[in-house]
Amino acid sequence: MFHDPVFASRMLTLLTLSFHIIYATIGVGIPLFIMIAQWLGIKKNDDHYILMARRWARGYVITVAVGVVTGTIISLQLALLWPNFMELAGNIIALPLFMEVFAFFFEAIFLGIYLYTGNRFKNKKTHFLLLIPVAIGAGMSAFFITTVNGFMNAPQGFDIVNGTLVNVNPVLAMFNLASPTKIAHVLAASYMTAAFILAAIAAFKLIKGSKHTYHKKALHMTMKIGLIFAVAVALIGDFSGKYLAEYQPEKLAAAEWHFETGEGAPLLLYGVLDENQEPKYAIKLPYVLSILAFGSPSSEVIGLDEFPAEEQPPLEVHYYFDTMITIGMVMIAISFLYWLGSRMRYTFVESNWFRWLIVLGGPLSMLAIESGWWLAEFGRQPWIMRGIMTVSEAATTSDYVGLMFVLFALLYLILGIGTIVILRKMFANNPLEKELAKVQSTQGGEQ
Amino acid sequence: MSLEILGISVLWTFLFGYVILASIDFGAGFFNAYSILIGKEKILSKVIQRYLSPVWSVTNVFFVFFYIGIVGFFPKTATYFGTILLIPGSIALILMAIRGSYYAFESYRAGHKGYATMYGIAGLLIPPALSVVLAIAQGGFVTIENGTPQLDYFALFTSPLSWSIVVLAIIAVLYISAVFLTWYADKAQDADARDLMRRYALIWAIPLIVAASGIIIELRYHNYMLFENLLNLWWMFAVSFVLWALTTWFIWRKRSYTAALWLLVGQFAFAFFAYGIAHYPYLLYPHLTIHEGFTNQAMAISLVIVFVLGLALLIPSIYLLLKLFLFDEEYIQGKKE
């Protein structure tokens with residue numbers, strides 16, 4: 001299979017994106033929490049929050065470093081693996097790509113300044129202000145890159161007349177129909193995942209016997225903000241479904257195993273496909289798909305039968321869809337129970353079994369991010385630019401992609417292990433108690 | 001000035017910025033690893049880390065900027081270079097990935113031999129991997145078969161020209177970095193580090209000029225058009241040579257290192273732009289020119305507008321960064337953390 005450059009290119013892109021998205025999600029999400037913690041620290045005059053911001057920022061740097069290199073890799077692989085796509089894309093959608101570089105540039109500069117100026121400013125607020133461009137730069141990066149992905153799903157802003165590209169309008173291409181829901185979904189999901197990863201760390205420390213209020217404050221803050229973003233992700237996800245039903249019905253139909261166009265469409269949850277490609281063991285909720293897609297039980301939802309077989313996305317995207325929404329719902333439930341439990345002073349909130357659930361929530365949220373992207377990317381097949389260019393037309397003809405896959409797989413293994421080892425060492429060598437004592441002895445929150 | 005010339009000039013300038021910044025970065029990484037391995041780490045590590053820590057991620061952005069810019073302004077480069085660069089490009093990417101992440105890893109385990117060696121060596125291998133693109137772009141190694149470009153690896157790897165470019169890339173990295181760090185160590189009032197880096201700078205000065213001249217001579221046999229164009233720009237190379245001689249003289253006589261650093265930047269600027277002008281109008285000789293490869297007007301204009309707005313945002317930010325870390329004597333001398 002790896003002798004086929006198209007297949008090998010798809011697999012290498014899958015590998016790189018699946019690895020990069022872990023770091024990208026952390027890279028977009030964490031700065032918001034560093035900022036909130038630092039702000040709370042200044043406002044409440046509480047060293048715990050200042051230290052929280054500093055410790056998170058320190059770990060964040062490692063993930064940014066790896067995210068920078070994997071981001072460089074994916075952007076160059078677009079040209080190395082999909083040269084024909086990149087030529088067309090360069091002509092129409094280069095604008096947000098270009099803007100993304102500036103946004104990241106901006107973020108990188110201020111992150112560098114923030115990290116290495118711990119005690120150079122007399123006023124603590126000046127140091128805090130440096131975080132604003134970091135968080136904005138990270139958010140804008142996600143914004144611009146996601147518009148490019150939106151464009152691949154809903155290409156617009158150009159005409160093709162007799163095989164030549166005319167009337168290119170880069171701004172129209174950038175503000176394509178797929179982007180609003182996609183960007184909102186990506187940003188909210190990044191903040192949600194960052195919150196639950198930080199919560200998982202705090203919960204883990206509490207399970208391991210740390211009685212420190214530092215961890216309780218961290219857990220409390222991240223779970224509450226996590227709940228808000230988890231609900232936001234679900235609401236935005238609903239809009240994404242409505243967008244798909246209207247403009248990209250084949251993706252929705254494949255995700256929901258909705259084969260025949262019809263009114264009052266049922267929603268299928270879970271289940272597997274048998275040898276005849278028929279769903280088995282699925283939970284069937286009558287009318288629900290029509291309601292979700294258009295807001296009324298009688299509305300007509302387009303099924304896969306409207307599309308020729310070679311233009312249908314693979315049916316396994318249903319599994320990614322199920323994984324994503326199940327985790328999303330579970331995370332809303334866990335964070336809601338946490339919020340309710342702490343408010344009503346229920347004891348289960350402080351129990352180990354519940355904290356283990358929170359610990360599990362961190363990796364689960366990341367899995368939901370991965371599933372969401374697999375749904376988005378496999379669900380666009382066979383197109384790389386929907387209706388304009390297929391992945392086979394876009395791919396390189398080089399015979400060595402399979403070999404490169406092996407090399408990059410090894411690289412990601414090394415980077416992944418390296419990240420974990422370094423993060424563990426970093427915090428093991430700087431235990432909280434020691435650092436807190438140091439902060440308090442040098443009065444206030446200065447480094 | 002037409003938009004394509006404006007575009008390529010901006011991109012070439014950014015590439016020049018990357019060459020200088022990355023050379024400092026890669027060379028410093030190598031010297032750091034080398035000094036740790038031969039047990040001189042106390043002399044160098046501190047100076048190197050004070051400079052590298054705040055700017056490492058910025059250097060990388062220059063590279064990405066050049067890449068995105070060239071695909072934006074000249075989309076056809078994606079099909080021409082994307083197809084043939086799969087292997088050299090992937091190797092360069094892997095090296096950059098190892099270097100970037102191990103740099104970050106090492107900064108938390110300062111003096112860790114394994115990490116320092118990893119990123120030191122990776123850094124020295126990246127310039128050859130990237131500079132191969134220059135060898136390919138000047139022509140002779142690419143044929144078009146059935147409309148897709150094919151790279152003749154055998155010809156590329158047996159050509160004395162590509163190896164000369166590789167050698168020049170490595171020497172340039174060591175030389176640029178040594179001159180910069182001499183200046184930086186001098187600012188830091190760290191006499192031991194300064195003397196060591198000064199010695200490295202002098203060691204690499206002569207090989208640099210020999211390697212650079214060698215390439216021009218080899219081009220005579222490889223690409224006569226480019227060779228002739230280069231000869232027509234002889235005065236730019238003459239200026240570059242004089243600047244090189246002055247840099248070396250300043251360093252030799254231990255005179256103003258600041259002047260030496262700026263002369264060095266000037267020397268490379270003249271040589272780099274002379275090469276770029278001689279290459280005009282080809283992006284990939286003889287298959288692709290900047291005129292054929294140029295994007296549509298609407299995209300070109302919007303990219304230029306975004307570029308201007310982007311610079312308006314970036315220049316003050318970069319100024320702040322430089323002011324805090326590069327031109328703040330107290331920081332350099334380690335009086336501020």
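Every residue, even glycine, has its Cβ placed from backbone N, Cα and C.
Packing against the transmembrane segment (A:20-40) from elsewhere in the chain are residues 46, 49-50, 52-53, 56-57, 60, 63-64, 66-67, 70-71, 73-74, 127-128, 131-132, 134-135, 138-139, 141-142, 186-187, 189-195, 197-198, 218, 221-222, 225, 366, 369-370, 373: each is 6 or more residues past its ends and has a CB under 8 Å from a CB in it. What TrEMBL lists as transmembrane segment is A:20-40 (among others).
Long-range Cβ contacts of the transmembrane segment (A:60-80) within its own chain (Cβ-Cβ under 8 Å, at least 6 residues beyond either end) map to 12-13, 16-17, 19-20, 23-24, 26-27, 30-31, 34, 86, 89, 97, 104, 108, 111, 115, 396, 408, 412, 415, 418-419, 422-423, 426. Annotation source TrEMBL lists transmembrane segment at A:60-80 (among others).
Marked as transmembrane segment by TrEMBL: A:92-116 (among others).
Residues 24, 27-28, 31-32, 34-35, 38-39, 42, 53, 89, 92-93, 96-97, 99-100, 103-111, 113-114, 117, 173-179, 182-183, 186-187, 190, 376, 380, 383-386 of the same chain sit 6 or more residues outside the transmembrane segment (A:128-152) yet have a Cβ under 8 Å from a Cβ within it. Among the features that TrEMBL reports, transmembrane segment is placed at A:128-152 (among others).
Under the heading transmembrane segment, TrEMBL lists A:183-204 (among others). Within the chain, the transmembrane segment (A:183-204) has long-range Cβ neighbours (under 8 A, six or more residues past its boundaries) at 24-26, 28-30, 32-33, 56, 139, 142-143, 146-147, 150, 215-216, 218-219, 222-223, 225-226, 229-230, 232-233, 236-237, 239-240, 331, 335, 355-356, 358-366, 368-369, 372.
Residues or ranges marked as transmembrane segment by TrEMBL: A:225-245 (among others).
Sequence-distant contacts of the transmembrane segment (A:319-341), counting only residues of its own chain at least 6 positions beyond either end whose CB sits under 8 Å from a CB of the stretch, comprise 192, 196, 223-224, 226-227, 230-231, 233-234, 237, 255-256, 269-270, 348-349, 354, 357-358, 361, 364-365, 367-368, 371-372, 374-375, 378. Residues or ranges marked as transmembrane segment by TrEMBL: A:319-341 (among others).
Look at TrEMBL and you will find A:353-376 (among others) tagged as transmembrane segment. Note on the transmembrane segment (A:353-376): residues 14, 17-18, 21-22, 25, 149, 153, 182, 185, 189-190, 192-193, 196-197, 199-201, 203-204, 206-207, 219, 223, 255, 317, 320-321, 323-324, 327-328, 330-331, 334-335, 337-338, 341 of its chain, located 6 or more positions outside it, place their CB under 8 angstroms from a CB of the stretch.
Distant neighbours of the transmembrane segment (A:400-423): 2-3, 5, 8-9, 11-12, 15-16, 19, 59, 62-63, 66, 69-70, 73, 81; these residues of the same chain sit at least 6 beyond its ends, with a Cβ under 8 Å from one of its Cβ atoms. Annotation comment: TrEMBL describes A:400-423 (among others) as transmembrane segment.
Long-range contacts of the transmembrane segment (A:225-245) within its own chain (CB-CB distance under 8 A, at least 6 residues past either end) are made by residues 33, 36, 177-178, 181-182, 184-185, 188-189, 191-192, 195-196, 199, 251-252, 255, 292-295, 301-302, 325, 328-329, 331-332, 335-336, 338-339.
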